[in-house]
Structures are given as C-alpha cells and as structure tokens.
Amino acid sequence: MKRFVYVNDESCGESYCDNRVSNTKYTLWNFLPKNLLEQFRRFMNQYFLLIACLQLWSRITPVSPVTTWGPLAIIFIVSASKEAWDDYNRYLSDKKANERKVWVVKDGIRGQIKAQEIHVGNIVWLHENDEIPCDLVLIGTSDPQGICYVETAALDGETDLKTRIIPSICANLSSDQLGKVKGVLECPNPDNDIRRFDANMRLFPPIIDNEKCPLAINNTLLQSCYLRYTEWACGVAIYTGNETKSGMSRGTAEPKLTAADSMIDKLTVAIFVFQIVVVLVLGFAGNIWKDSNGRKHWYLMYPAEGPWYDFLVIPLRFELLCSIMIPISIKVTLDLAKGVYAKFIDCDEQMFDRETSTPAHSANTAISEDLGQVEYILSDKTGTLTENIMIFRRCCINNTQYGDDSGDALKDTRLLNAVSSNEPDVVKFLMVMALCNTVVPIKSNDGAISYKAQSQDEEALVNAASNLNMVLTSKDSSSAEICFNSSKFQYELLDVLEFTSDRKRMSVVVKEGGSGKFLLLSKGADEAIFPRSNPGQQTKTYLEAVEMYSHLGLRTLCLGWRELEEGEYKEWSKKFQEASCSLDNRECKIAEVCHSLEQGINILGVTAIEDRLQDGVPETIKLLRSAGINVWMLTGDKQNTAIQIALLCNLITPESNGQLLSINGKTEDEILRSLERALVIMKTTPERKDLAFVLDGWTLEIILKHSMESFTRLAMLSRTAICCRMTPLQKAQLVGILKTVGYLTLAIGDGGNDVRMIQEANIGVGISGREGLQAARAADYSIGKFKFLKRLILVHGRYSYNRTAFISQYSFYKSLLICFIQILFSFVTGLSGTSLFNSISLMAYNVFYTSLPVMTILFDKDMSETTVLQYPQILLYSQAGRLLNPSTFAGWFGRSLYHALVVFLITVHTNAYEQSNMEEISMVALSGCIWLQAFVVTLDTNSFTYLQVILIWGNFVAFYIINLILSSVPTLQMYTVMWRLCSQPSYWITMALIVTIGMGPVLALRYLRNVYRPSAIDVLQQIEQTNGPTQTSRNVESATRIYLDQLLTDLRRNKGSIHQPLLSDSVASIR
C-alpha cells in the first residue's frame, strides 16, 4: 500500500490524522469499566469476586461479606489509583507536546500554530535546537550544501549526530520558493522502521518540473529528534500524530513471568485443588451429619424439608470458609516488594559509573528475582566487554607491515617517511581512510577540526589519517576536500554504497577534481573484500596480516580501490537510480546493483584497531563462572580476534586446562560432521576439563537448518561458547534456543544491533555505552559498565530471590493457618461450616495484622554482600530454586497445619472449664496466631535493623492497642472481650504455651540440621556470626574451611542432579 502526499495542499491533510499525540491508556469515561475489565482478566481476581458474590447469599455465608469485599476493594483501589496516576502523567506529557508552538508555511506565508494542528502535506519550518514535531521529508536547510544535523538519541538512543540531506530535486530552491513549492510524494503507509524509508518525490510547475527523485531515510527528519548546528531547516509533513515512526514504535512490552512467579502460580493451583477436595469432603460429611444427627437437635433449626438446592448449602459454606487458603493480598504484597527491589538497584552507589555519571536503572520492576536464577549470560563483545574506544595500532600497506615494533603505526618512522615522500600506495591507502566513511568534519571557531561519526571505527580511521597528514577538512552531500602535505584535493561525491550487516562493507564513488577520474573506494571485513579483489593480485601477505592482527585481538578492516570508466559508471548509475527509486524490495535490489560494481578491487592494505577490555571484566567473568553461570560471547568480529579477547577476559581456559572445539568446514557435510565430533567430545571429556566451542555465523546458519537438535544438545553441555560474525538475528536465535530448552537467559549488550537479543532473553541488560542508549532503552536493566553485572546478579538478584521465596510462602502459611483453625473448629460444630472468627478480625488479620511484619524481609540479608561476592558458588542454591519449590512449600504447609493444631487444641482445652463465650475463644485463637507469626518472622530474619524491629513488634503491640480500642465500643460484639482477656493470667499462660509448643520443634529441627547437616549457607552464616563479615578466609578455622570448601565443591559437582533447566516444564509460559 502507498500513500500520496501532496505538498502545500490543504485538501490532502484531511484524508489523514492530525498531529495530536496520545499515549494515554484510558479516557475519563472508559477508565472505570476498562480498568475493571483488566483487573478481572486475572484468575485470582475472578476467583475472589466469585467468593465475594457468594457471600452476599446470607443463607450460606459464615461471615460478613465485608471480609472479602473489603480487601478486594482495597486491592482494586490501589491498582486503579496507580494506573490512573500513571495515565494522568502521560496525559500531561501529551498535552505539553500537543500545545507546543511550531512554524508552518502556507502558500509562502509563515505562521505559528499548535503542534497538534499540523496536517500531512504542510511545510514545517524549524530553527536550531527545535524538537521535530512530526515525520518530515527535508526539502531545505540554511546550509548551502543542503545538509543539516539531527540528534536522534530520543528515538534510537544513539548519541552521535546524524547527517540529513535534502533530495537532489530540491537542491536549487531558494527560501522563498520553498514556501510555495508544490509536488507529490509517493511513500509507504506508516510503519515503525526507523532505519528505512523508501519513497519518491516529484515537484510540479511553475517551480520546477522534474523526474521522480528517490528518497531514503537520510532525507527525513523524524519526530522526537532535535535539529542541531543548523540555523533553520524545513520539511514536508508525511506522517503525523500516532502514525509517525516514533508513534508506531510505541507499545506495551509483553509482561515477563519470572521463574518464581511461575512456581507461585503452580503452588496456587495445587492449593486450589486441595481446597476443592477439602470442600467436597467436608460438605459431603456435613450433609450426612445434618441428615443423621442435625435434624434431631431442635435448637439447630434445620427444616424437615428444604429447597432442592439444600444439599449445596454446606459445601458452599465450606468453600467460603476455605477461600482464604489462597491469600488475597499476595499479588499486591509481591508487587510492592518488587518495586522496592528495583529501588535498591537504582540507589546502589556501588553500581554508579562515575566516569560517565551513569547510575544503574531498573526499567522492569517485575523480574528482579530472576537475576538470582540466571543460568546463561549471552554477551556482546564490542562496547560490552571492551571499552569501544578505538585506537589505530597497526596496518599493512603494499605488503609492508607498520607498527609491529612499537605497537603504534603512527610512530613508525618507515610509515612517516613513506607519507612525507608521497609514496603512491600509502597516499591511496590514506585517501580511502579519509573519504570512504560517513564522518562529518566540524570546524570550531579557532579553526580546529573535530569529527562526528556514526561508528567508532570510522572515527579512529579518519583521525589516524589526519595524524598522517591526510586531513579531511570539509564534506557535504556532494563534495569533500582533503589536505595532504599542505596540498588540497577536491573530490565530487557521486554515490555512497552503504554498509549493512549482510554486505559487511561500504564503498563510495568519487570523481577527482583535477583529473576527472572516477574512483570506487571500498572498505570492509576481509571475507567481504578479498573475494572481490582483482584476480591477478597477490593477497597472501594481506591474509597473513589479517590472521596475525586478529591473533593479537585487534579489529581488522581491508581497504581497496579501482578506477572506473566513465561509461561504465554512467551505465551503473542508471541501474542504481532505478533500484533506489523502487518501492518494492528496494534494499535487495540496491545490494544486487552494488555487488555488480564492487568487483576487481585492488587491495591497498589492512588496518588494525585496538579496542581495550573494560576495567574489571576478567574478574567479573571469573566470578560469574564460579557462581555456576554459563557465559557465551556473541560478536560480529573475526574468530581469532574473538578468541584472543575471550582468553584475556577469562572466558575460556588456556589449552593446558581447557579445550576449544572449532565447529567449521567448507561444505555442509563437513560442518555437520564437525558438530557431531564436538558433541561426542563434550559428552566423553571429564568434567574437570573446561570445554568451549567456537563457530561463525555461516556455520550457525547451516546447523540451524539441518541439525538443530544436535546443536541444542551441544549448547546444553557447553559452559562457554564463542560465536563470531553473528548478525543481530542470529544473536536472538541463540537466545531463543536456550530459552526453548528451558534455561533462564540474560543477554547484555550496548548497541542497536544487540536490541533483538536483549528483548528475546528472559532478562535484558543494556550498557549505556559509546554506541548510545538504544540497548539501554530496550533492556530491563541498564548499567554503566559490565563489571556491575556481578553485583546486579550476585547481590541484588540473590537477595531478591531469597526475599520473594519467603514472602510468597509466608503469605500462604498465614492464610492456611487461619483456614486450618476454621476447619478444625467445624469438627466441634457439627461440620456446619460455622466460622470461629468474626468478620472484623478476619479482615484485619489479612489486611493489617500479618502484612506489615512480612515486609521486614525486604531489608533482610542472610549474609553480607562481602561474603556473597567472596563465595559466589552459593548462587547455585537460588539457581536451582532450592528456596521456593514444592518441597519447601510442603514444609510451610506442614508448619501451618501443626501451628493450627497447637493454637486450636490449646485454646479449646484452656477454655474448656471456663465460662467463655465465642468471642473470647475466637480472640484467644487469633492472638495465638499473631504471637506465632511474630516469632516465625523473627526466627526467619537473618539481619535486624530498627525498622525491622518496629515492623515486627510494633505491629504486635498495635494488635493489642487496636483490639483494646474495639473492645471499648459498646455496639460491637467484641465489647469488653480484650479487656477481660488481658486481665486474666490464664490468657498469658495460653500464649506462652502456644509459642513454646508451636516454636519448640521448629527450633529443635533447625538446630539439629545446622549441627549435623549444615548447608554451605549455614556454615557461612556461622562464620559471620563468629568473625563478622568474611573479609578474608584467614580467620576461618582450617577444619571449618575444609568442610566449607567440600560443601561448595559438592554443590558444583551435584549441579547436574539438582539444577535442571529452570523453566523446562514451563517453556510455553510467557516470559
């Protein structure tokens, strides 16, 4: 489908939407129904709504409906208020953008209007530093060459300035003509591809009459970008409002379900099934008791003949009584906890990068606990493991290598002499370095020249050429000037054959100012340039140079050129123009035409650029691998370069202790045989030997097509992999393979080419690097340096998982405790489904009495951060889900049943011979629950702060204060109850008995386990209690140290038995 935009034509704009931007989710009229609909999409909310509705039936409800309606209303109000506040802020932001004043030109007359009043076809006039209000096709600028500069960081996260040029058809238009121009643009319908715009433009008389001119993305100004270093620019509005590329890119990311959330969902289903079984059994037994015994007791007032549905009354009453088995507040509690985890990450000063003033940031507040369960890290190399500061180190020109002795070609006297003597091959080599790029030279007021580049490699090459006297002094869309040894040379820039990840090269066609010769200048990866070299040229020396430089960990590029005949160029230019004007499959057609010209290239030489490792990378990778995390490196670099970087950063082990398996071949059969051979070695090699495999993008493509299953098995066996020459799609495919098996993956990168991988992974981490913020914007977490990953995973991830494990299981425990007491009470009330507790007590128990103490766990640390980083192997406990699984939940389930028996039996027996009413027995049982839970939380808290003590025991005191106040209200059933109980010694003796009998066995079992079967965590906690935080292991007794090392070794050795793919049974879940 196409869109035809008529320039300066008011009738055109009426066919399309105006420029009003709307990012709001709701309106004033649809907020309540739409928000309620979203809330009730969740099964648990539907379930509790059903329970609340059943409680309105007075015949079956054992308690007041307020016990469910109250908490349900609070949860809905909290969630709705948060949504409303977020949407209101979006509305204010939209209002500010829509009412901003902009200049437009209509029939030559300039005027100001609101941004929301712009229509398709209007000519918009911009001034320096203006924000671009909609998507425009650039038709004029203040620069005589038709160039302007835009900052696109808000759109794609890239901080470097981009050059935009006017179409050739508009090159000679004056500023007066620009306001009156008429024409038509043929462009595609709106899409979200910010890298591509395939369109054509034609202008109408009387201004100019011309053939259609192709338009590309470099002819556009996109919404949300800023005009920089340009006095003014104007453009035709082509996409407006939410139809701009920025607007089409907006969207809500699919929510990710953590491994812990997945386990909680399974446990909820299990409890729900158990609840249904209990309800059916008790309901059936209750009906039998009613028919056999109940009707004999006149005071129960059972009718002789009930309605047809009478058999449902008791089961439904038990359903309402047991509905609190599933804690209504668990989701709100966990959401609040996860929000606090995210704030801990944001406020961590040890993850603040002072070099770039970049703090860590949590964009996704819902998945912090997954950080503590990461099994695979897939990392980009350039800018992620390395600094992305490119330094020109060596080169090979005309079979001569420079920089080998000093390590710096710019100081090599042989090269300096060759430059000063105008050696032809060296001059051509430097000319290609200076011209074959997208670099923009910017002159300061004092005449100094600096360079703005979209690629760090290009900037390094142009700066190196400048240091060798080949200075790029000026450049625009049609010409460039270089100064070499005090002589100036002019070049006409005819065409740019742009770099793509598929082509892996770029070329420019220039015309020399003096001789009029047509030259093709090319640079690119060795596998993209050497196959297109002149068949008669010897390239062995260059191949050897590439091999040597890559072994040194340097990034290589090959440079070449060839002279074109004028006729050859003109014939090719027509084909290139036709391909550029095509609206269908333009990219492929352009690539095909470019390929036809890039043949017979004369290789001039090879450049080698150093990209140093970031500080702390080797130590971080070593620590993460010690924690049982498998680390893969995915890069677009050459294999040898990647291997050297992997050795430097402790990713792979030298040959004495490790083995690197190369999967390659010249044919498909060779590749598949190499894969099977590597798989056999992986299976048969002893575990103590560190194995890794290496492959490239072409090999991976063959394997995924023909032997996906074998590669998946290899991936599961390998702790380390080096994947070279990877495209962005292939990086995402590798992440997808590991996710399909069920492993929990983390992808980390710093550039736009890493976004697909980051979004595909369970957890995406972006580094705010020199390539911009695109990866950081797309990620769940952003950090300033790779080294901060160890704290993100080992400290924040592990603590978050531990806390979520306790909070979720404790929430079930407190609900099961009160529910089991209700069930036990039913056995002494004729299985009638009568509630022991009054409605106020039940609601307060769920919402207030038991919610605050559990929040103390948000600040709990089972051991110090120093110890965690010193013994990273303990992450294996959270990786394997050892703290939240059916086994640990069974322990909490058993504890709740045991505590319910203790509370109920002691309460009943201590009050059996006293004249106690129901309200007093109910309050004694409720008090016992509160006492037990205060001690449970205290016992499971490892570190105490003043806030934690206040939350636990302050809440405990508040329980008595609130109930004493309620007992003072004459209109309530609880009138005088708590006052009477507190004045009786038997009440306090009962509480002491409940705590002693309830907590005694728990403490005994814990003591026996710590003495006879301690875990590594128990041992480390004991060491910390004895010696303080484990700054060093020198203070640890040798016997304890040996035992601890043995535990950690056994934990690693037994990883296979306890540590299956974390999500293997929930692959289909949305993550």
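Cβ coordinates are placed from backbone N, Cα and C, and glycine is handled just like the others.
Remember, it's a predicted structure, so these values are computed and weren't measured experimentally.
Taken straight from TrEMBL:
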- ASP380: active site, 4-aspartylphosphate intermediate (ACT_SITE)
- ASP380, THR382, ASP750, ASP754: Mg(2+) binding site (BINDING)
- ASP380, LYS381, THR382, GLU458, PHE499, LYS523, ARG555, THR635, GLY636, ASP637, ARG725, LYS731, ASN753, ASP754: ATP binding site (BINDING)
- 5-69: domain 'P-type ATPase N-terminal' (DOMAIN)
- 98-160: domain 'P-type ATPase A' (DOMAIN)
- 776-1015: domain 'P-type ATPase C-terminal' (DOMAIN)
- 267-288: transmembrane segment (TRANSMEM)
- 812-833: transmembrane segment (TRANSMEM)
- 839-859: transmembrane segment (TRANSMEM)
- 889-909: transmembrane segment (TRANSMEM)
- 946-966: transmembrane segment (TRANSMEM)
- 986-1005: transmembrane segment (TRANSMEM)
C-alpha spacing of THR382 (Mg(2+) binding site) relative to ARG725 (ATP binding site), in angstrom: 12
Spatially closest candidate among ASP380, THR382, ASP754, the listed recorded positions, to ARG555 (ATP binding site) (Cα to Cα): THR382
Among PHE499, GLY636, ASN753, which are recorded as binding-site residues, the nearest neighbour of THR382 (Mg(2+) binding site) by Cα: GLY636
Cβ neighbour count within 10 Å of PHE499 (ATP binding site): 19
Top partner of the transmembrane segment (812-833) among 267-288, 839-859, 889-909, 946-966 - counted as Cβ pairs under 8 Å: 889-909
Pairwise C-alpha maximum, in angstrom, for the residues (ASP380, LYS381, THR382, GLU458, PHE499, LYS523, ARG555, THR635, GLY636, ASP637, ARG725, LYS731, ASN753, ASP754) that bind ATP according to the record: 24
Same-chain residues at least 6 beyond the ends of the transmembrane segment (839-859) whose Cβ lies under 8 Å from its Cβ atoms: 63-64, 66-67, 70-71, 74, 324, 327-329, 333, 336-337, 340-341, 803, 806-807, 810-811, 814-815, 818, 922-923, 926, 929-930, 933-934, 937, 940-941, 943, 945, 947-948, 951-952, 955-956, 959, 962, 966, 972, 974
Nearest recorded site to GLY636 (ATP binding site) by CA-CA distance, among recorded positions ASP380, ASP750, ASP754: ASP380
Of the recorded positions listed as ASP380, ASP750, ASP754, the one whose CA lies nearest the CA of PHE499 (ATP binding site): ASP754
Beyond the flanks of the transmembrane segment (889-909) by 6 or more, those residues with Cβ under 8 Å of it: 267, 809-810, 812-814, 816-818, 820-821, 824-825, 828, 921, 924-925, 928-929, 932, 936, 990, 993-994, 997-998, 1001-1002
The domain 'P-type ATPase A' (98-160) - residue tally per DSSP class, helix then strand then coil: 8 helix, 30 strand, 25 coil
Outside the transmembrane segment (946-966), six or more residues from its ends: residues with CB under 8 Å to it: 840, 844, 848-849, 852-853, 855-856, 859-860, 923, 927, 930-931, 934, 937-938, 972, 974, 977-979, 982
Between ASP380 (active site, 4-aspartylphosphate intermediate) and ASP754 (Mg(2+) binding site): CA-CA distance (Å): 7
Residue with minimal Cβ packing [other Cβ atoms within 10 Å] among the recorded positions ASP380, ASP750, ASP754: ASP380
Same-chain residue ranges lying at least 6 outside the transmembrane segment (986-1005) that approach it to Cβ under 8 Å: 895, 898-899, 902-903, 906-907, 910, 914, 924, 927-928, 931-932, 935-936, 939
Cα-Cα distance linking ASP380 (active site, 4-aspartylphosphate intermediate) and ASN753 (ATP binding site), given in Å to the nearest integer: 9
Site with most surrounding Cβ atoms, counting all protein chains shown within 10 Å, from the binding-site residues ARG555, ARG725: ARG555
